[in-house]
Amino acid sequence: MARSPALLLLLSLGLCCTGAQGQRNTMEARFLNRNMKHPQEGQPLELECMPFNIDNGVSWIRQDKDGKLHFIVYISPLSRTAFPRNERTSSQFEGSKQGSSFRLVVKNFRAQDQGTYFCIANINQMLYFSSGQPAFFPATTTAAPTTAAATTQSSHVNKDICMPSSEPGTSGENILNLYCEIFIWAPLAGVCLVLLVALIVTIVLCQKTRRRRCRCKRPPNGKPGAKPCVPTRHI
């Protein structure tokens, strides 16, 4: 039992050392400009990788929106670069080692360059990944049009329907003139038709009323106040 405190002390020291080593074996990828939030289209973008061991090379990769990984460049401890297909240079990227950081420069940031950037180091046959640095354009929001604006626009459209065209003789002007004539003459024709129907109905009703008033009984023998003649009977 006397050895138990010693064993506990050794285990505690081992755990502390392991935790400290785990904290030291961290890598960070970040914007070189710490105040930057989003990259700008058409502008260069500078990133840096801070590994815990600068004696090993670092590789830069990008993860796009679909989750696919794209290799960009490998930077050696002597600041030598190797791009895809073992190219030494690239028209879009630059890589270098400056002090304790491995830097990546996107010369002309485009929409296809958006994604999350990581750096990877192979140390003692183990791969160490850095934290990811998102690099996306700022989200743009468009304001919805108001009802008043829509009403104003529709009123302008209605006013412009009957405006003459600046080029006389065109088919567009003929169509507009036809629309204007329809808008003007159609209501007038409707009003005239209603008035004509009303006039016909009035005439018919007046004729029926007049006939009813003229149907009176006439006196016998065609004279007013005369008594009817009784024929004489022969006995």
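Heads up, the Cβ atoms here are built off N, Cα and C, so glycines get one too.
Just so you know, TrEMBL annotations never went through curation; they're auto-generated.
All protein chains shown were included, and the count of other CB atoms within 10 Å of the CB of Cys49 (disulfide bond) stands at 27. Per TrEMBL, the feature disulfide bond maps to Cys49-Cys119.
Sequence annotations record features per position, and here TrEMBL assigns domain 'Ig-like' to 5-130.
The signal peptide annotation in TrEMBL covers 1-22.
The transmembrane segment annotation in TrEMBL covers 182-205.
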Cβ neighbour count within 10 Å of Cys119 (disulfide bond):
28
Quick check on the domain 'Ig-like' (5-130): DSSP residue counts for helix, strand, coil, in that order please.
26 helix, 52 strand, 48 coil
For the domain 'Ig-like' (5-130), what is the mean per-residue pLDDT, to the nearest integer?
86
